[in-house]
Amino acid sequence: MWTQKAVLSIFVLASVVVLFNPEIVTAIEPGDSYGDFCNTTNLCSLNYFLECKETSRCGCVPGMHLDPNRNPPTCVSKVNQTCSEYPENGLPAKYCTPNSLCLPDASNESRCYCQRNFVEDANGACTQSSLHGEACDIDKQCKQDAFLKCGLEERHCICDIDEVNQVWDQQSKKCVSLLRSDCTPLSPGLPRVCIDGSKSSCVGNICACESSYVPSDDNKRCVRPYNGTCTSSTDCADGLDCNLPPEPTTTSTTTPTPASNPPPVNEPTAESGTCGCSSTEKYNDGLKRCEVLASKACSAESTKKCIENSQCVDGLCKCDDKYILNADGTCAGNFGANCTKTPADTCSTTNFLQCNNESTCECKANYEHSSATGKCIAFIGSPCIDNGNCDSFTSTCNNSRICTCTSRFFDPETPGVRCLGGYEAPCDTAHCDESRFLSCTTEHICVCLNSSDQMFDDISGKCVAYADAQCKLSDGREMGCVANATCNNPTENGLCTCDENFHTEERLCRENSANALNSFWLPIIFVASLVIKM
């Protein structure tokens with residue numbers, strides 16, 4: 001019996017003999033199948049496009065890889081490598097990788113090219129083109145004529161320009177350019193597609209709507225502008241409604257027109273409406289949309305926004321702080337609000353405001369802001385709309401829409417000044433008329449400067465000095481005297497003295513008795529003499 005050790009020794013010896021005997025080595029056939037064992041002496045068959053790899057196994061030569069679906073499995077050429085469909089020069093056919101064709105290149109040398117809708121992958125094989133959102137590693141894996149590329153971060157196919165100005169169109173299976181976006185052709189024979197293609201086209205490499213249409217806010221539709229024709233609101237630009245005419249009324253009792261006949265003239269046409277705003281809205285030409293007027297119903301969820309400088313509060317559009325409601329439903333800047341001068345002054349003209357150089361609303365000339373009412377109060381002689389524009393304490397808005405002084409107040413006859421208080425007029429918010437020698441007391445009543453030496457004269461409308469009182473004031477002004485008195489030495493500290501034939505009585509100048517008697521009887525005697533002569 002052979003022992004295990006003896007058998008092992010004989011196997012090792014036989015191996016050495018085979019390894020170092022050239023005759024025996026040349027007698028061994030080279031590897032002709034993918035994966036066969038090989039080494040430096042036991043080579044792989046080039047007839048099958050094989051070579052010995054570092055793993056001591058036969059593998060495909062560079063530029064080729066195994067097609068396991070062939071029988072037997074065969075090495076085939078990768079994309080862009082040379083190929084042959086038939087045996088040449090004693091060599092077998094050099095087939096292409098699956099889903100590719102062996103076609104001549106520019107130098108008439110046959111090479112492998114991927115079939116339509118297939119692209120080269122990282123291994124040189126042809127794989128099905130990936131569509132939008134499908135996995136990829138390189139750009140070539142994404143369908144090129146669908147305007148796709150491989151997103152390096154996303155690792156899936158995305159639109160080749162960007163995902164902002166392009167969207168994936170599920171119907172055409174392509175990325176389409178949004179309106180107002182780039183549509184430069186990918187190549188001379190591969191123009192890009194614009195969204196809403198029936199109403200848009202690529203003009204100057206930018207997607208634009210055709211005449212009589214404008215882009216929607218999201219740049220995905222071509223819609224009708226303000227005053228454009230429509231059949232429903234979906235035809236109109238964002239923020240516009242389709243205002244259809246009233247339904248035609250039929251008064252005829254004749255037999256209805258057969259369907260095959262043309263419709264009556266008074267029936268609405270296919271596009272009989274007009275894109276516009278409702279009665280509670282106003283068109284914003286800058287934003288190209290309708291906006292809800294202030295004080296009108298609104299909804300926070302609606303696409304219809306409130307008019308500028310207002311917000312939807314409790315179901316109504318209300319003007320923001322420092323803005324006030326105009327008669328036309330707009331919100332204009334009140335005192336202190338931010339404003340612009342062009343194209344039109346945005347301050348409230350009904351409140352007599354204007355936009356200053358600091359872009360802030362201020363009162364116009366000859367008007368003064370009232371913190372109590374929040375309005376601009378007109379000086380005397382300035383235009384007004386109602387009494388609210390005048391100083392309610394001293395003036396009123398007359399029928400000519402001009403602020404005039406009320407009773408007990410006087411027009412100062414000086415532009416830009418308020419009414420001045422007359423005798424016994426209240427003076428807590430107004431000045432007393434100093435030209436009438438009046439001053440304001442601690443009780444806020446206009447009285448004469450020195451009540452003990454002066455009185456108010458209703459005839460002259462001014463304060464005058466009593467008899468024997470000073471008529472030259474400390475500020476240098478000269479005031480009048482009571483009736484029948486004259487201011488003597490007015491250049492000095494003059495006094496009021498009674499005229500001739502008058503005397504002082506209770507600080508007034510009374511006529512002397514004889515003169516008074518003559519004054520009484522002379523007219524009677526004169527009349528009696530005339531009667532006697534008759």
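Placed from the backbone N, Cα and C atoms, the Cβ positions cover glycine too.
Features of the protein shown, as given by TrEMBL:
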- 1-27: signal peptide (SIGNAL)
- 37-76: domain 'EGF-like' (DOMAIN)
- 82-127: domain 'EGF-like' (DOMAIN)
- 182-223: domain 'EGF-like' (DOMAIN)
- 247-273: region 'Disordered' (REGION)
- 249-258: compositional bias 'Low complexity' (COMPBIAS)
- 297-332: domain 'EGF-like' (DOMAIN)
- 383-420: domain 'EGF-like' (DOMAIN)
- 470-510: domain 'EGF-like' (DOMAIN)
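When the domain 'EGF-like' (82-127) is classified with DSSP, helix, strand and coil residues number 0 helix, 21 strand, 25 coil. If you take every residue in the domain 'EGF-like' (470-510) and average the pLDDT, you get 90. Beyond the domain 'EGF-like' (182-223), the same-chain residues lying 6 or more positions past its ends with a Cβ under 8 Å from any Cβ of the stretch are 144-145, 147, 160-161, 165, 167, 169, 172, 174, 176, 235-238, 288. Each residue of the domain 'EGF-like' (470-510) gets a DSSP state, and the totals for helix, strand and coil are 0 helix, 19 strand, 22 coil. Proximity of distant same-chain residues to the domain 'EGF-like' (470-510), defined by a Cβ-Cβ separation under 8 Å and at least 6 residues beyond the stretch ends, is recorded for 437, 449, 453-455, 457, 460, 462-464. The helix, strand and coil residue counts that DSSP assigns across the domain 'EGF-like' (37-76) are 3 helix, 16 strand, 21 coil. Here the domain 'EGF-like' (383-420) has, by DSSP, the following mix of helix, strand and coil residues: 3 helix, 11 strand, 24 coil. The DSSP breakdown of the domain 'EGF-like' (182-223) into helical (H, G, I), extended (E, B) and coil residues amounts to 0 helix, 16 strand, 26 coil.
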